[in-house]
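Taken from TrEMBL, the feature transmembrane segment applies to 12-31, 69-89, 101-118, 138-156, 177-199, 205-223.
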Amino acid sequence: MAVSLFDQFMSPTYLGIPLLVIALTLPWILYPSPSSRWLNNRLLTLQNWFINRYTHQILTPLNLGGHKWALILTSLMIFLITLNILGLLPYTFTPTTQLSLNLALAFPLWLATVLIGMRNQPTAALGHLLPEGTPTPLIPVLVVIETISLLIRPLALGVRLTANLTAGHLLMQLTSTAAFVLLSMMPVMAILTTVLLFLLTLLEVAVAMIQAYVFVLLLSLYLQENV
């Protein structure tokens, strides 16, 4: 039973071909393309408003050097939100429940922020490894601890996104299975379980959006330290 619960997180294949590439390509097909017209339709106007508001929110703490990352961070935010929400639909696959994919997104972007800090302000970047006023006997220990804390950041990004989505999907599957089993034995309990499943679904939609926002927000904070 425990193995079957995790079967939903296996990457699906068709004729031996993994469908992960199709799942990653789908979000870009769903959004309307910008047009050169003076007046756009309501959907495109709402999309542009959301992108502008989010870009302003995420880039406000950054200086002008960090504004070059606007396209990357905004695109990543939209990409993750779409993947997370599409994964809540029946008979779909959520690529962001795969730790390998999340690490593939987190590690290069985190490494880019570190390299930017080392190139632009190496003294300040290395200064984060040793807080000011540290007693001399604690300097080697703190340098090791801060270095480990720096290196573990991409792992924390990937594991956080994977764990939250995986836990939510498992909880929804367990609740739906309980509602189906109780339907014939205790209809009243089945109705209550169905109501709980509906509330969990709303919670998972919120988690899908919040986790995508947190992923990009932490990247922007790492970038803020290095620009």
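Quick reminder: no glycine exception, Cβ is built from N, Cα and C everywhere.
Caution: TrEMBL annotation is automatic and unverified by curators.
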*Which listed range (69-89, 101-118, 138-156, 205-223) shows the maximal number of Cβ pairs under 8 Å with respect to the transmembrane segment (12-31)?*
69-89
*Using a Cβ-Cβ cut-off of under 8 Å, list the residues of the same chain that are 6+ residues beyond the ends of the transmembrane segment (69-89) and lie near it.*
23-24, 26-28, 30-31, 51, 54-55, 58-59, 62, 95-97, 105, 109, 161, 165, 169, 201, 204-205, 207-209, 211-213, 215-216, 219-220, 223
*By a Cβ-Cβ criterion of under 8 Å, what residues six or more beyond either terminus of the transmembrane segment (138-156) are in contact with it?*
103, 106-107, 110-111, 114, 128-131, 218, 222
